[in-house]
Amino acid sequence: MTFRFDNSYARELEGFYVDWQAAPVPAPRLLRLNRGLAGELGLDADRLEAEGAAIFSGKRLPEGAHPLAQAYAGHQFGGFSPQLGDGRALLIGEVTDRSGRRRDLQLKGSGRTPFSRGADGKATLGPVLREYLVGEAMHGLGIPTTRALAAVATGEPVLRQAGELPGAILTRVAASHIRVGTFQFFAARSDMERVRRLADYAIARHYPALAEAPEPYLAFYEAVADAQADLVARWMLVGFIHGVMNTDNMAISGETIDYGPCAFMEGFDPGTVFSSIDLQGRYAYGNQPFILAWNLARLGEALLPLFDADAGRAAEKANAVLGTVGARYQARWLEGMRAKLGLAGAEEGDLSLAEDLLAAMQGARADWTLTFRRLADAVTEDAALRPVLQGPDTLQSWLSRWRRRLGPEAARRIRAVNPIYIARNHRVEEALAAAHAGDLGPFDRLIGALSDPFTERAGLEDLAQPAPAGFNEGYRTFCGT
Ligand SMILES: Nc1ncnc2c1ncn2[C@@H]1O[C@H](COP(=O)(O)OP(=O)(O)OP(=O)(O)O)[C@@H](O)[C@H]1O
Ligand SMILES: [Mg+2]
């Protein structure tokens, strides 16, 4: 099996990683291969079905692979950890996909590394399949994301709080694994030479046009701010809660990374938190835009000396960019919200039109996904929203305000951007429970639905329905570490 590796990180960034090998596992078994993604990467899916267990467990890496653990740091729940790094992951190499994009291949759960800090370096079946599933759901929604290429069962029991769990390894594909925390690692050591080298590398890899900008590093900062603002706006528009927006989980590429305790919100409440460790609600749904800016401020600090030799001027420049983050986010969000509402063009009152609907939704704890989806019917039917949004008398007047703003073919356009299927928590749990019992049928069926979330299909009605009453109130997600 040939992978045409071209490992630029290993080649150009010596000192930013540790060469390392995957730990041996007793009985690797390929659980799922993402055949579509394999094709995108120019890989032979049939051969991978046969050889994937060995390759994606790290047992027999293909020729040209250069397995390494990347160094990074990060602010976790606001506190700085100067040394995190790939404690259970290995970058095995980079390939160029069919459309010419460089993509990282990484094993997650491949054993201890020098960055493991006392933990076991392993991953377990549930979180591996969860990351696979939610990543595919995000991809189906058109949201930039890292994706799973394969899931392998290791045949090794892994000890967690809940007891012994089946071990697994995820193979992840990403535009890169450079995180805000990768810059912080070197900035925290006052190694500005390496911060500069990493910035040069990231510019060349992700934003090559900026190399010619008058102030390339500032332009890079601005580009990352823009990509991450766009990403978080897209999360908000589909009701996605990342759950652990630490700076080591924010990718410079603007892709979603680390599907640990993430979840989709059902009933609309900005305070929604599912993560078992997010006790203060720092990463609650409605806080995500603020955390976006907070994390970008940390990136700005790490890059500061690159902006200007004079510390005062450097801070001014960083602040000028940081000051635009709120507006960038808001513009992306409003643009997306106009599309969700099926509006024609842009008008002054659009924000309040959206906010009035959101207020009614919040009051009724209306299902985020179904309410927007039903708007397609509400274009012509007064009663269409009633099942999802009982209540406010003002709704009738809202509907008439809204209808005056609709463009042609509004119902079709609304359905094209508002999914009918999302990765609902109870369905995800159901699929994972079945997988633990050896049945990947529900997992496959759910992925099938989520790969085309905008097209309603007969036979999938159950997947469109909210969880039974009370399910989400008591629902908790875990990092699975
Ligand atoms: N079982 C484990 N063994 C060793 N290190 C771990 C383990 N679980 C997490 N870590 C490390 O703890 C830090 C924070 O973990 P976090 O849950 O954000 O990342 P992750 O889910 O392991 O990986 P990624 O961000 O690459 O998706 C990282 O440095 C990670 O490598
Ligand atoms: Mg992480």
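Cβ from N, Cα, C; glycine included.
Given the structure is predicted, the values throughout are model-derived calculations rather than measurements.
Swiss-Prot annotates Gly85, Gly87, Arg88, Lys108, Asp120, Gly121, Arg172, Asp258 as ATP-binding residues; of Arg102, Arg179, the candidate listed for that same site is Arg179.
Cβ contacts within 10 Å of Arg88 (ATP binding site), excluding its own Cβ and spanning all protein chains shown: 22. For ligand 1, the neighbouring binding-site residues among Arg88, Asp120, Arg172, Asn249 are Arg88, Asp120, Asn249, by Cβ distance under 6 Å. With respect to their backbone Cα atoms, Asp248 (active site, proton acceptor) and Arg172 (ATP binding site) stand 16 Å from each other. In the three-state DSSP classification, Gly85 (ATP binding site) falls within coil. Between the CA atoms of Arg172 (ATP binding site) and Asn249 (Mg(2+) binding site) there is a gap of 14 Å. Cα-Cα distances to Asn249 (Mg(2+) binding site) place Asp258 within 10 Å, out of the binding-site residues Gly85, Arg88, Asp120, Asp258. Shown are the recorded positions Asp120, Asp248, Asp258; of these, the residue with the fewest other Cβ atoms within 10 Å is Asp120. It is Arg172 that, of the binding-site residues Gly85, Arg172, Asn249, has its Cβ surrounded by the most other Cβ atoms within 10 Å.
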